[in-house]
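A quick write-up on the structure given underneath.
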Amino acid sequence: MAEGDNKSANLIAQETAQLEEQLQGWGEVILAGDQVLRWEKPWFPGALVGATTVLFMLVYYLDPSVLTGLSCTVMILCLADYLVPILAPRVFGSNKWTTEQQQRFHEICGNLVKTQRRVLGWWKRLFALKEEKPKMYFLSVISSLVAVAWIGQQVHNLFLTYLIVSFILLLPGLNQHGIIAKYTAMAKREINKLLKQKEKKNE
């Protein structure tokens, strides 16, 4: 067991080092984005929601076709991939990195690697469920897709995408400031109260 844990830790360390090397040109931008996503200043959540709202209002106003939207998105990503490593050192000054910043960059890369491994693990478990319990797999997938299709039919797709993107962008800050843990604990307490009340009624 310990040998397996050591092997897994070594693989994570290797993948983290590789990712750090690949993202080195984006280091300053990633650190700045991390500060915004974790709400290091009180106005950051408002700025995140505001920027997201402006972007989606622009998309709504222009109403581009799927092909145009996809082409523009890929074009912006290609430009960013080319320009950011060139401009970031001049804007932020990479030679001013502190030990704390380097450590935070390492932590971010490590978290990205762990997240990727978790997603792959969920994907593998899904296929394992398909092999071991095909009926359960079929019912779970179909019911989930039907629920998503129903939600998509009830809510405008652009507005739904806006809500999802806004939640994803706010999630690190909500987690960092303990808001998710607080409301999760409250929900658990309420559920436990309801269960206890139900048990008393049954008695």
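Quick reminder: no glycine exception, Cβ is built from N, Cα and C everywhere.
According to TrEMBL, the feature domain 'RETREG1-3/ARL6IP-like N-terminal reticulon-homology' maps to 26-184. Averaged over the domain 'RETREG1-3/ARL6IP-like N-terminal reticulon-homology' (26-184), the predicted model reaches a pLDDT of 88.
Within the same chain, residues 35-37, 69, 158, 161-162, 165-166, 169-170, 173 sit at least 6 positions outside the transmembrane segment (43-62) and bring their C-beta atoms closer than 8 Å to a C-beta of that stretch. As annotated by TrEMBL, transmembrane segment applies to 43-62 (among others).
Residues 25-29, 59, 94 of the same chain lie 6 or more positions beyond the ends of the transmembrane segment (68-88) yet place their CB under 8 Å from a CB of it. What TrEMBL lists as transmembrane segment is 68-88 (among others).
As annotated by TrEMBL, transmembrane segment applies to 136-153 (among others).
The transmembrane segment feature in TrEMBL is assigned to 159-180 (among others). Remote same-chain partners of the transmembrane segment (159-180), defined as residues 6 or more beyond its termini with a Cβ less than 8 Å from a stretch Cβ, comprise 37-39, 44-45, 48-49, 52-53, 56, 151-152.
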Per the Cβ filter (under 8 Å) with a sequence gap of at least 6 from its ends, the transmembrane segment (136-153) is approached by 126, 129-130, 160
